[in-house]
Amino acid sequence: MIQKERIDFIQKLPYELSFNIFSYLSHIEILVCMLVCKRWYSVATHPLVWKQLYKHQQWKVNYERIGHCEEWAQKEMQRLRDWVMQHPQQCSLEQMFKQTLPADSMFRPPHITFLSNTELVLNWRFLYLQRYRLLKNWEKGAYVCYTVPRTLTLEYDEMHEDGIYCIEFNRNWIVSGSKDTTIRIWDLQKGICHKVFRGHRASVLTLQFDVNMNILVSGSSDTLVIIWNLSSGKILSIYKGHTDSVLSLCFDTKHIVTCSKDSTIRIWHHVDHVKEGKRHYVHVLRGHHAAVNAVQLKEDRIVSASGDRTIRIWNVYTGVCLRTIMCHQRGIACLQFDGKHIVSGSSDHLVRLFDANSGQVLRTFEGHLDLVRTVQYHSHKIISGSYDENICIWDLFSGKLLHQIKSKDTGRIYRIAFDDIRIISCGQKKHIIVYDFGHNIDTTFF
């Protein structure tokens, strides 16, 4: 019997088609393919294959930083070519690159890799590995915990003097608002205080900042809304109108939305949109029958949560209430809205997920033993913080409680915020807690 001829199609196909075929495999299958032969290894290790694998996972990536890296790689490659022209036959481009790379360069091996000693490109295989390790840390609940500020002593004058009610952060900075009436900006990596903003006369209960707009907006128990220059700390404007504590706020490029213990919601113009002699606010929204504890803004809709046990959806331009959702047995303390879904936390100890269009409850998350004060979700996770001093991490789709973190010396938790790398929380104590899931992982591009 004649054995049929076996054809290695990868050997016959152009590299571009081979890359496309391999991109449909799992990373485990790709690793197996690397063992077949040199040709398969060269295809399986190519950055384009791993770039597609990364995208198939729908993992986020910092495209701005990737763009900087790719521009830097092109300039670096030209520098190396110029050097080789002047020093022929001394060593390869790759060897020269490793020998001459400045010690303070943000990008370095293994961030970038050579293709056949002729092209310097982003190493997507390395990015995939780091992101996979990060995913596993979240699944296992593996993190390191540290405080901001890093030094917790009575002599440390950069520390807040009382509990911290609100925090927001990006990859470089944490901004916190406290019962001591101040707002502080912290260096996330170093854990030191960068600036202190003073202007409120009572507890700072809520804030949001935007680096591109260079503003910070804060609300306080003194009933005021203050707009600050983020870089200088200068007060740009003070909005007056609420008659009780400002409990929550949010803004986009057109509007600032605030809510208060006075049971109202106010929609304001940004300070640079207000014509001389005109009022700051656009609408006062009435309808809630108790304190409005939380507010979110997405495109043309505002979503609010109140102690009256309801969530209301409003049109930002007309101020009309579009829908009222009766959803909890007790007052609602917090929510998040992404345009399609609403997640809320309540004094009934529950977290609920709703369809924003129908108002239907999609899922209920049980696990807390006290008021759920703060909730946030993205990347298939919901994370909540409670007066029971626990942080709960839930799977958004299954409703399963993945992990429960006992708060590290914060007392009652007032606010949590998280991204793909870390959870940051604050509460009754004077310091901030960071739970870092990216410890010992290169998160340069996340």
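Note: Cβ is positioned from N, Cα and C throughout, glycine not excepted.
Feature annotation from TrEMBL assigns domain 'F-box' to 7-53. Residues or ranges marked as repeat 'WD' by TrEMBL: 157-191, 197-238, 239-268, 285-324, 325-364, 365-404.
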Secondary structure tally of the repeat 'WD' (365-404) (DSSP, helix then strand then coil): 0 helix, 24 strand, 16 coil
Beyond the flanks of the repeat 'WD' (365-404) by at least 6 residues, Cβ under 8 Å: 60, 138-139, 141, 333-336, 338, 343-347, 349-353, 410-418, 420, 423, 425, 427, 435
Recorded stretch that, among 157-191, 197-238, 239-268, has the most CB pairs under 8 Å to the repeat 'WD' (285-324): 239-268
Long-range environment of the repeat 'WD' (325-364) - Cβ separation under 8 angstroms, sequence gap at least 6: 290, 293-294, 296-299, 301, 303-313, 370-378, 382, 384, 386, 392, 394, 396, 399
Taken over the domain 'F-box' (7-53), the model's mean pLDDT: 88
The repeat 'WD' (239-268), counted residue by residue under DSSP: helix, strand, coil: 0 helix, 17 strand, 13 coil
Positions on the same chain near the repeat 'WD' (157-191), where near means CB under 8 A and six or more residues out: 62, 146-150, 197-198, 200-209, 211, 216, 218, 220, 228, 411, 414-415, 417, 419, 424-432, 434
